[in-house]
Amino acid sequence: MSNFNQISRRDFVKASSAGAALAVSNLTLPFNVMAKETQRLNENNQERIVWSACTVNCGSRCPLRMHVKDNRITYVETDNTGTETYNLDHQVRACLRGRSMRRRVYNPDRLKYPMKRIGKRGEGKFKRISWDEALTEIADALKRNIKKYGNESIYLNYGTGTLGGTMAKSWPPASTMIARFMNCIGGYLNHYGDYSTAQIAVGLDYTYGGGWALGNGMADIENTKLIVLFGNNPAETRMSGGGLTYCIEQAKARSNAKMIIIDPRYNDTGAGREDEWIPIRPGTDAALVAALAYVMIQENLVDQPFLDKYCVGYDEKTLPTDAPKNGHYKAYILGYGNDGIAKTPEWAAKITGIPAERIIKLAREIGSTKPAFISQGWGPQRRSNGELISRAIAMLPILTGNVGIHGGNTGARESAYSIPFVRMPTLKNPVKASIPMFLWTDAIIRGTEMTALTDGIRGVDKLSSPIKVIWNYASNCLINQHAQINRTHDILQDDTQCEMIITIDNHMTSTAKYSDILLPDCTTSEQMDFALDAFVSNMAYVIFADQVIKPSFECRPIYDMLSDLAEKMGVKEKFTEGRTQEEWLRHIYEQSREKLPELPTFEEFRQQGIFKKVDPNGFKVAYKDFRDNPEAHPLKTPSGKIEIYSSRLAEIAKTWKLAEDDVIHPLPIHAQSFEHYGDPLMEKYPLQLSGFHYKARTHSTYGNVDVLKAANPQEVWMNPIDAEPRNIKNGDMIRIFNDRGEVHINVKITPRIIPGVVALSEGAWYAPDKDRIDHSGCINVLTTQRPSPLAKGNPQHSNLVQVERL
């Protein structure tokens, strides 16, 4: 058992009381009130300040300076080091989510002690048990299922509730403490892909190779003349000092570049920063790109020398020998390919909702302005045809020769600088099988039917076992963030299928209610760790996330609890190698200092709180070496070049078993798929439903913080043109529904969303009634579990619904 000191319920309530009173009395200015209290305490020299971090999944990490008195966090500040200039060692200022960390630590939803389910999964009925009882139950379940089904039956579920830590890190699965533990006892069923980037990661890999397509650093837009953002919204998704909003503002001011936003929703990255917003129907980006390409080809605005030297498949000259005649991109665009349709602006206007004249103007702007920074966020690809969309958008910088130069980009989202800080070793996984992260529910009910050709299984031809045990660490993806909640609920309620669900978390989330064993985890504030994967554009940094307070109640760090579990499984020495958590951190830090000699000593870093390093090579330019010398620095594609036509995809399209309306194509074409604009299902459900990331939360993290919920209420966005015939007024309670479920939520009537589309931010905590109607605005009641064709990823923006006033 751990020897960690605990905080009592009495102390916990004391620490929460000021925040609770504030939540009732003054929700509008909580941070100002707390600042006055902190100033008074500082004057009396009764506080100390300890460095910590916000380690949620917003795209980076942010330092927090915790004010502590009598083992209680009284106030949270952020980085106060460095400059205000983005390409120097600038201050990494946490957003209001990170600064509300105290409200996460002292939240009424905190898990306080180990618990065991006593009702049905999802009912949230548990009884308190001891740590020894909990770990014994887990050990027995692991032994029983491994003996009966093998290690392939043990699954590490996708979860990003704590990211970037060295010890406290929930994703990717192979880098977690649970992976290290499982590898000590024979391994586990892994997953590949992620809910953020499944389609683009696979799609652009076939274009650029290397497993993950790179982009120029966002700071490099100071060298550009034109910025075109397809669904890229850092002002909400990456809004902190560890994000990119401030960087964009400063870099754009230096370049004076025109910025065009292409998005169904007028997002906060616009908000007056943009020069033009072009609304587009969701899922039609590839049609727009095809029409832009048509104009650029017809008006000789493409970079033919670049296409000839660096690319495969643009025209007949570079088409692979195994491709059919007229199988190249130019033929597809001009209408002498297989479909025989010229991709004119008039053709695209009917699909995208963008007038043909504006398409022509945009094509000329992109084709005649160089360099141009063209990038896509991760929203456009999160669709049923998302792999094709991601590849299509990348065609714009390829056609115009903007790849590998300053001020240009690849069409991918921006990349950033990183430093070689050593990670915690997690040992080798003996299990070879890996499933698409989105198909874990299928792996429960039909695991042994899933194959490489039908379901994208990797490492083996076919799964040998269904999933019988799930580790769910810092994850709300078991229910809340996974699609089609009602189907998942039905699968998980049958505990003869998946026999054990173990959740390790800080709070009683929607997912936690489906657990068999609940283990209360320490927050970042209650343990020592390093926060890694921290960067913004051309600066990387590491945060010393020190232990700010003692663990609350019976909460324990994950390394501590797994060390005891390893002892019950007879592998403690292999798991710990005789080190405590702090001893591991000191060991890793000394290894990191060998790679980064400029790092201070451990104790100096502990006082300093943050280590920053600016890229000595200046702004990042993706594939610059390839552009400078393609023979010496080929891409990691079969041809070594940019593959507009992919022979690998042509082969997959022939051999994989696909649904009739699934499309895998060697070219980045526009293809309709399920629940798209123009689908016959629109007769019943005429509105497209799209999700977006909301500044009130990071996915579902911070979704239970009172002041953030009050400042940013959950609403569905609807255009006045759609609201008027339904007699819906701003603020009305409405029902959104389809065959998969129903949500009741207040409506925001706004011209900031294109007609024919409603938008609902993801991450709201699922709150069903007895009829399965959700009252929180959880979009995943309405999304589908049907995967995308190639990545087998989550198409959570491909939804058709109807909306009615209640």
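Using the three backbone atoms N, Cα and C, a Cβ is placed for every residue, glycine included.
The [4Fe-4S] cluster binding site annotation in Swiss-Prot covers Cys54, Cys58, Cys62, Cys95. According to Swiss-Prot, the Mo-bis(molybdopterin guanine dinucleotide) binding site annotation covers 163-167, Ser196, 236-237, 262-263, 283-285, 378-379, Arg382, Asn480, 504-505, His693, 699-701, Asn780, 796-797, on the basis of similarity to another entry. Sequence annotations record features per position, and here Swiss-Prot assigns region 'Disordered' to 786-806. The annotation signal peptide is assigned in Swiss-Prot to 1-35 on the grounds of sequence analysis.
When other Cβ atoms within 10 Å of the Cβ of His699 (Mo-bis(molybdopterin guanine dinucleotide) binding site) are tallied across all protein chains shown, the result is 22. In the set Cys54, Cys58, Cys62, Cys95, none of the binding-site residues has a C-alpha within 10 Å of the C-alpha of Gln796 (Mo-bis(molybdopterin guanine dinucleotide) binding site). Residues of the region 'Disordered' (786-806) grouped by DSSP class, helix first, strand second and coil last, total 0 helix, 7 strand, 14 coil. Ranked by CA distance from Met167 (Mo-bis(molybdopterin guanine dinucleotide) binding site), the binding-site residues Cys54, Cys62, Cys95 have Cys54 at the top as the closest. Residue pair Cys95 ([4Fe-4S] cluster binding site) / His699 (Mo-bis(molybdopterin guanine dinucleotide) binding site) shows a Cα separation of 15 Å. Here the CA atom of Cys58 ([4Fe-4S] cluster binding site) lies 8 Å from the CA atom of His699 (Mo-bis(molybdopterin guanine dinucleotide) binding site). Checking each of the binding-site residues (Cys54, Cys58, Cys62) against Leu163 (Mo-bis(molybdopterin guanine dinucleotide) binding site), the C-alpha distance stays within 10 Å for Cys54, Cys58.
Under the DSSP three-state reduction, Asp285 (Mo-bis(molybdopterin guanine dinucleotide) binding site) is assigned to helix.
Nearest in space to Cys58 ([4Fe-4S] cluster binding site), taking C-alpha to C-alpha distance over the binding-site residues Ile262, Asp285, Asn480, is Asn480. Cα distances from Cys62 ([4Fe-4S] cluster binding site) to the binding-site residues Ile262, Asp285, Asn480 are smallest for Asn480. Between the C-alpha atoms of Asn480 (Mo-bis(molybdopterin guanine dinucleotide) binding site) and Cys54 ([4Fe-4S] cluster binding site), the distance comes to 21 Å.
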